[in-house]
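Chemist: Below: one structure in structure tokens.
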Amino acid sequence: MDTMIPVDRGGPAQPLLLATGLRKHFPVGGGILGRGRKVVRAVDDLTLSVAKGETLGVVGESGCGKSTVARLLIRLIKPDRGTMVLDGDPVDEPHGITVNELRRQVQMVFQDSYASLNPRLTIGETLAFAPKAHGLPAAEARERVRDLLSKVGLDPNNYAERYPHELSGGQRQRVNIARALALRPRLVILDEAVSALDKSVEAQVLNMLVDLKSELGLTYVFISHDLNVVQYLSDRVLVMYLGKIVELGPVEAIYGNPQHPYTRALLSARPSMDPRKRTKEAPIQGDPPNPIDPPSGCRFRTRCPFAEDVCARAEPALSDTGHQSVACHMSIAGSGHSKAVRGGAAAA
Amino acid sequence: MAIQTPSFELGSPLVQPTAASASRGYWQSVARRLRRDPVTLICAGTLILIVAASLAAPWLGLADPYKTSMIRRLLPLGSPNYLLGTDELGRDMLARLIYGGRLSLFMGVTPVVCALLIGGLLGITAGFLGGRVNMLIMRVMDVFYAFPSVLLAISLSGAMGAGTENTLLSLTLVFIPPVCRVSESVTTQVRGFDFVDAARASGAGTLTIVRVHVLGNVLGPILVYATSLISVAIILAAGLSFLGLGVKPPEPEWGLMLNTLRQAIYVNPVLAALPGVMIFITSICFNLMSDGLRAAMDVKA
């Protein structure tokens, strides 16, 4: 039993998960022998770290690669390139830990609460599956199931023998969260975990997530397109656009002082409760460009009101501005952009 | 099941379902739906009757199905002592029809069961592993698909020679590709569900995932499809016997009986049609039952 409780190894300062240069391109179409094959650049050279005990929010439009990031972090899909380090241990490398060990400590909650539960298994069987697969005896697994169900606020006597179709969406999502906790992970990836729930149930589940986090000492990667939910839950926020990070920083900095035009547009596009705070900046228009053939340079330039020549020429690196990191030429001194901080003279 | 929204706060009493009804398992709800489907029930009843009669044939006090008589050839239906008349060699038709069911059903069910095991295994493997394995298995199946099934069965039987074993073998080979294809498609579909991803994310082995999460969800559709194949198998087996490639005389078998009674079609057409009627009833029952099962097992509640 004790072996199932992951131990903290590197101390609180060491990031729990460090992903460097993650890249995933999906091939589409093309001939039989791969001639003329195109790729969807779902995630392109993404580097992120998740500190112990924090909640990292990931936001972005549909199709920007949020879910791919989730699946990469838990290795449901294999990255084309990039490394991952879990609390000091490289993943899937000669001297590191195996993918299976990674999955013991990193678990995921899926968006579709119905599709993520096997319709032929009872809730109890679903929850017991992972512990049993890791060798927990049946009696202990049963005990674990009862424990998990009460943790997520479902009465074990009533729910363990039920089938998924007998539960409501909120109850099913509680079961999914319980399943993710079954192996006592340290990091839980929540991929749009509350997006499909109606607002009142969403609030209950969110509160439960907050409580579980402090109770079990969890770390969350919270992926959502709902900016308000991310603001409520996150310590740090990562904004993605077309498979790349455009802005990354503490939640106060991102929401209070967004630097990247895309982040600003996202934030201004969310409906406000206050009639005095009307949308001032024109919200971005149109759909994101096709990720098969993303724009050169800065990927946002086709929809950016401040785009200049330099944006098409060079790709802005993610650079620190003091409070947060931004990938925009306007935030890089001397980038050649007319609005860049001090001195647009020196073209890099 | 009433759907209710639990009011949940930490420390509040645990959520209670409003209806304290006993949870119904999957198979129970299938059985409940089947009970409301008279067509399926009648077909199943007819099939049980035919199968039971064939199995119990030696104990039913029937006439000897092999005993010929030159005097009593082609007696019409309803003759004294010969309820369904006699065939062209004076054998009792009723006995031959019931005994014939043994071979005909055996020839219908066995190849499907064998094809189910082999084709199902191949299809689930191809579907779950995907990629190159899928490509390899499914393209080989496509080669078999290129031939019409009747033609394939006839040519295989013709090449291997007549006989029961060869018929079974050729029918099995004919049925592997369709079973494989259906298994592959349902497995591919199930594999795409998040619960399979969740199982993979829990670090369970491939075999465990297939056993616990895939098999339970694919066996239903595959079995339903296999039931519909039984009728095809019976007809194909009868067809092979009719062509002289299957069972050899004097064994009673519906297809063979249809063939030998062909000569009598102008003398006693009703009699000549009887084995055909049996084939028809059996295969349509299997087909309708398969449809009913499909409907009953389609759980979207």
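The count begins at 1 with the first shown residue.
Glycine is treated like the rest: Cβ placed from N, Cα and C.
Reproduced below are the annotations present in TrEMBL:
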TRANSMEM  B:39-60  transmembrane segment
DOMAIN    B:101-290  domain 'ABC transmembrane type-1'
TRANSMEM  B:103-131  transmembrane segment
TRANSMEM  B:143-163  transmembrane segment
TRANSMEM  B:222-245  transmembrane segment
TRANSMEM  B:266-289  transmembrane segment
Chemist: Does the structure show the transmembrane segment (B:39-60) and the transmembrane segment (B:222-245) touching, where I'm treating 3 or more Cβ pairs under 8 angstroms (sequence separation 6 or more) as a contact?
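Modeler: No, since the transmembrane segment (B:39-60) and the transmembrane segment (B:222-245) share fewer than 3 Cβ pairs closer than 8 Å, they do not count as touching.
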Chemist: Restricting to CB pairs under 8 Å, which listed stretch, B:103-131, B:222-245, B:266-289, is in contact most with the transmembrane segment (B:143-163)?
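Modeler: The stretch with the most contacts is B:222-245.
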Chemist: Within the same chain, where does the transmembrane segment (B:266-289) have neighbours whose Cβ lies under 8 angstroms from its own Cβ atoms, ignoring anything closer than 6 residues to its ends? I mean 6 or more beyond.
Modeler: 39-40, 43-44, 46-47, 50, 74, 76-77, 84-85, 87, 93, 97, 100-101, 104-105, 108, 227-228, 230-232, 234-235, 238, 254-255, 257-258
